[in-house]
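Before any comments, here is the structure.
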Amino acid sequence: MIQADDNYTQVSAFVIVGFPSLQPEYFDIVGWFFFFLYVTIVLGNLLLVVVFALEHSVQKPMYIIMLSLALSDIGFPTVALPKLIARYWWNDGRLSFQTCLFQRHMIHYFGSLNSLILLTMALDRYFAICFPLRYPTVMTNQTMTGLTVLTWVVAHIFPSVSSYHIPTMLFCGLNKIMNVFCDTRSVVALVCGDISRKHMQSFATALFILYAPLSLIVISYIALIVTVLHVDSGKGLVKTFSTFATQGCIISIYYIPRFFVYAAPFFPSLTMTPDKRIAATLFYSLFPPLINPFIYCLRTKEIKQILRRWIQKRKSIFPKSMTLVKIEEK
């Protein structure tokens, strides 16, 4: 660290602490847990990417959104977990000042991006069910690709606006990030002076980024439910509400725990220990990317058929290869 004056220190690096109460004898186990979690998330979402790339039958607007979500679900753990794994395997939690700011930007970027992707998904379902005749002409592959690119670009705006002042802040000599990655709250907590205003600004920004899309998602789903109740019945109604239940579960996991983590400092009765706050953050950040591939693979008919066809093809090839091996041995 570089001394700026008698009271302040210009921090040149930060250290990721992780779970403050975790004992060293559990570091290896926790490191392996996050390693296998990372591999599972990446492979599961990569499967969706491969299916979209190889199968022309799923190159449709809805699957473009799923592809976007899969890429985002690969991006977040790739930004967040490698340094955390290094922290527990090799006690290497050090990040340079600029690297920490970059990680902070990308952490909030993927959070904003997922929120916008969920909004795009809700709007797609709204047009598909409420305007089925106009949907094919309105939601084309070109339109959805343009919306997807727009969400990936717009998502950069929010973390950029909230972080422009961080490089100019003065720190009081402390450089330990009480979290599993660099985020705005953890970095701002190390700034000198009264940080209540900065926390309030971060809280207000987070609420707008997350809950402005959520309000539109809720409105679209209410409109969907009203439309379905007036039009559909029987098995179609059960299937539609089953889809709503799945989407609602994912949305609830994504949004509700975030609110409690962000709101905890402003409500004295809502106390969270650092370990509980970190556990809640990891839950809402990593659980959706973990279960999304399984949900969309198991609940999407076309993807199930494709995977079943791939498996059958492999089974048909495998016996032939075994037969050739036996003939060559003879």
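Placed from the backbone N, Cα and C atoms, the Cβ positions cover glycine too.
Feature annotations, reproduced from TrEMBL:
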- 44-296: domain 'G-protein coupled receptors family 1 profile' (DOMAIN)
- 29-54: transmembrane segment (TRANSMEM)
- 63-86: transmembrane segment (TRANSMEM)
- 106-123: transmembrane segment (TRANSMEM)
- 144-166: transmembrane segment (TRANSMEM)
- 208-229: transmembrane segment (TRANSMEM)
- 236-257: transmembrane segment (TRANSMEM)
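Mean pLDDT for the domain 'G-protein coupled receptors family 1 profile' (44-296) in this predicted model: 83. Away from its own ends, the transmembrane segment (144-166) comes close to residues 61, 64-65, 68, 101, 104-106, 108-110, 112-113, 116-117, 120, 124, 184, 187-188, 201-202, 205, 209 of its chain (Cβ-Cβ under 8 Å, at least six residues beyond either end). Sequence-distant contacts of the transmembrane segment (106-123), counting only residues of its own chain at least 6 positions beyond either end whose CB sits under 8 Å from a CB of the stretch, comprise 62, 65, 68-69, 72-73, 75-76, 79-80, 144, 147-148, 151-152, 154-156, 158-159, 162-163, 181-184, 209-210, 213-214, 216-217, 220-221, 247, 250-251, 254, 285, 288.
Counting same-chain residues at least six beyond the ends of the transmembrane segment (63-86), those with a Cβ under 8 angstroms from any Cβ of the stretch are 16, 18, 31, 34-35, 37-38, 41-42, 45-46, 48-49, 52, 92-93, 95, 103, 106-107, 110-111, 113-114, 117, 120-121, 124, 141, 144-145, 148, 151-152, 180-181, 285-286, 288-289, 292-293, 296, 300.
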